[in-house]
Every structure is written in structure tokens, then in C-alpha cells.
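Contents: one structure, followed by commentary.
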Amino acid sequence: MIDFLKQLPHLEPYGNPFYFIYLGIALLPIFIGLFFKKRFAIYECLVSITFIVLALTGTHASQILALLFYIVWQIIWVYSYKRYRSQRDNKWVFYLHSFLVVLPLILVKVEPTINGTQSLLNFLGISYLTFRAVGMIIEMRDGVLKEFTLGEFLRFMLFMPTFTSGPIDRFKRFNEDYQSIPNRDELLNMLEQAVKYIMLGFLYKFVLAQIFGSMLLPPLKAQALSQGGIFNLPTLGVMYVYGFDLFFDFAGYSMFALAVSNLMGIKSPINFDKPFISRDMKEFWNRWHMSLSFWFRDFVFMRLVIVLMRNKVFKNRNTTSNVAYIINMMVMGFWHGITWYYIAYGIFHGIGLVINDAWLRKKKTINKDRKKAGLKPLPENKWTKALGIFITFNTVMLSFLIFSGFLNDLWFTKK
């Protein structure tokens, strides 16, 4: 079986122009069908499965079996909880099912740390599929999601455009989108948007990301490592160049995913909205990797705040939110991987959000006192906005340097 799969051609998702040619040909009947208010569900399924399989062939062929196991595992526990939730509601049963749904991802993240090898359960896209499955469990607990068929579940989990790296969608939003076929005017607007996304994606991923990631970054890293020390000027260059490379590469991928989703009649959530013009850290997370940020906000941060307040863990509401910020972002760090720099990245952003909130509260108090004293509030103009953008941008770039793992090489790798 594995030998047969290895013989199949490998197509890296959004990796080269040929991928887009093959994908465009495959999507043409789908788009024409939508134009005449018809969905070819079986054909859509075949296209999704074909391109997912071709993304996992070659050296990745064993991942196809891992994906099959994973899907069966999720069907068992998602449907187990669906059946249970239709009759009863117990928080421990909810916690157990949530844990079981996340368990394959936990094993995938932990195994390399323990024995230095990749887990047999690992496959391209497991993190993002786990977000989808856990989101369904949580929405069933909330009563937002009650009924869905096996076909709808599989269509959501195996939606090809966003399979490998998001954006992260929610079942209810996705399914409503799928069931409501856009009219011709909407569809033409989606086509126009898709063309813009593809052009911007090519600029981001194949031009700008190549310049920053392939041309500028390697020599800067080499210079920084040769100089050594805690920090040096080339490391400062690495910080900015890596940050731009990360953005253009990931944002370019997201543009492609949005474009292909549009061509399949689905308006997937956007992931980036000019994050580098953010005036503070909270605004940054409302603009950067938005589908991930909003998922953690809704399903981790808000629920953690409710649990802490309900159990009166802290008397002060601000302390509660501060602790929730740090835990929320630390969990996000662990999701990226169990390394000190991913975890430090999460804690760094958690502390950044705490400081951000503290400043907003302090600013509110200062303005209130100034009003009582007959003074104008603290200035808010283009200069204060520029200062906020400057501070936030450099703070974010420093966090990306931590995230990159380069400091691990600079500080701990023997030369």
C-alpha cells in the first residue's frame, strides 16, 4: 500500500505554478456548476481527496494512513459526544471528549521531544483539523451545534483549500456557507476577489518571501552565528528579515487558500489584515493570524475567564484576565511545539497583552483625573498613533525572533 502511494506524484499545496494549473482545471466544473446554482457534491469530494492525497504522497506517503486513522478517531469521539449531548450534559464528559479529540495532536507534539523522532500519527494539517474537531465539541456543549450528518462532518474536516494550514473555520459558519449557493453577481465578485488573492499571493509567497527568506536571511544568520554572543547587529537584521519572511510566506499561503475557497463557493475567514500597522498588542492579535487568534479568544481565553471567576480564584477581575491572557498565549505557544522558544513566544505575548491592558486602564484613569482638573485628555493624534505603531511593530518583531528558534542556535549550539 505504502509503495503504491509513493509512486503517485507529489503536489506541494500552493508550492509551484503547476499546482495552480492542475487545481484550476479541477475547479472549473465546480465553478461552472455554482454559476448555474448547482453543487456537484461528489465531484467536489473527489477533488478535495485527490489533492489532499497528492499533498501527502512521495516521502510523506505514510501520512495518508495517519490521516485515515485520525479521521476515524475523530468520527468516533465527535459522534459519541453528539449522541451523549442530545440527552445529557456533564462537564467531565465534555472534558474527556475534548481531551480524546486533542490526544493525537498531543502525541504528535510530545513524541519528538521524548525520543527525537516524528510520531507515526503525524500528517500535514493535523493541527488545523484538530481545531475544527475541538470547535465542534465545544459548540455542541454550548448548544450552538446540534445536528449534522457524517457527510457534512467529513466535508468540513477535509475541505481541501484550508486543509494544511488554515484559515481555521467553524462548522456552523462553513456549513451555512456551503448550503447557500451564491447568486451570479456574488459569484462573479468572489471570482474577482479570487483573482486578486492569487495575484497578491504570488507577490507575497513567490517574490517577497523568496527575497526575505532565501536571499537576505541565510547570509544574515551566518554573520550573526560567526560573531556569536548574546546579541549582535546581524541578529537585529535576522529579527526584521525573518519577521517579514514569516508574514509574506504565511499571508501568501492564506491568500491562495481564500482564492480557492472562493472558487468553490465558500468565503473562508481571512487571516491577516495589515498587522504591522497595529497600534497596540491587542489590535495586533485582531489583525494577525485572525482565525487562530479568534479561536483561542473564544474557546480558551473567554472560557478560562469564566471558570476562574465562577470559582472565585482571584478577587480582582483584572488579575483574572491577566492570568487568562498568559495561560491562553502559553497554550498557543505549546501548540506550535514543545520547545523553549515557542513557549517563551507565547508567554512574551501574554505579558504583552497584560501590559497593554494595564496601560489602557491607566490611560483611562489619567484622562478622568485630567478632566476633573479641567485639563484636556492625553493627546491622540497622528504622532501618538505613529509611536504606538512603532512600539508594537518592534515588539512583535522581537517576538518573531524568539519564535524563529534562531536564538537557540546563537546561544546554545556549539560552534
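Residue numbers in this text run from 1 along the chain shown.
Even glycines carry a Cβ here, placed using N, Cα and C.
Quick look at what Swiss-Prot lists:
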TOPO_DOM  1-16  topological domain 'Extracellular'
TRANSMEM  17-36  transmembrane segment
TOPO_DOM  37-40  topological domain 'Cytoplasmic'
TRANSMEM  41-56  transmembrane segment
TOPO_DOM  57-60  topological domain 'Extracellular'
TRANSMEM  61-87  transmembrane segment
TRANSMEM  91-115  transmembrane segment
TOPO_DOM  116-125  topological domain 'Extracellular'
TRANSMEM  126-142  transmembrane segment
TOPO_DOM  143-149  topological domain 'Cytoplasmic'
INTRAMEM  150-179  intramembrane segment
TOPO_DOM  180-183  topological domain 'Cytoplasmic'
TRANSMEM  184-227  transmembrane segment
TOPO_DOM  228-232  topological domain 'Extracellular'
TRANSMEM  233-264  transmembrane segment
TOPO_DOM  265-274  topological domain 'Cytoplasmic'
INTRAMEM  275-311  intramembrane segment
TOPO_DOM  312-316  topological domain 'Cytoplasmic'
TRANSMEM  317-336  transmembrane segment
ACT_SITE  His336  active site
TRANSMEM  340-373  transmembrane segment
TOPO_DOM  374-381  topological domain 'Cytoplasmic'
TRANSMEM  382-404  transmembrane segment
TOPO_DOM  405-415  topological domain 'Extracellular'
Rounded mean pLDDT for the residues that make up the topological domain 'Extracellular' (116-125): 84
Helix, strand and coil counts within the topological domain 'Extracellular' (405-415) (DSSP): 7 helix, 0 strand, 4 coil
Same-chain residues at least 6 apart in sequence whose Cβ lies under 8 Å from His336 (active site): Tyr342, Tyr345, Gly346, Phe403
Intrachain residues whose Cβ lies under 8 Å of the topological domain 'Extracellular' (405-415), provided they are six or more past its termini: 221, 224-225, 228-230, 235, 238, 242, 339-341
Per Cβ pairs under 8 Å, the stretch of 17-36, 61-87, 184-227, 317-336, 340-373 packing most closely against the transmembrane segment (382-404): 340-373
Top partner of the transmembrane segment (17-36) among 184-227, 233-264, 317-336 - counted as Cβ pairs under 8 Å: 233-264
Local backbone state of the residue listed as 'active site', from DSSP in three classes: helix
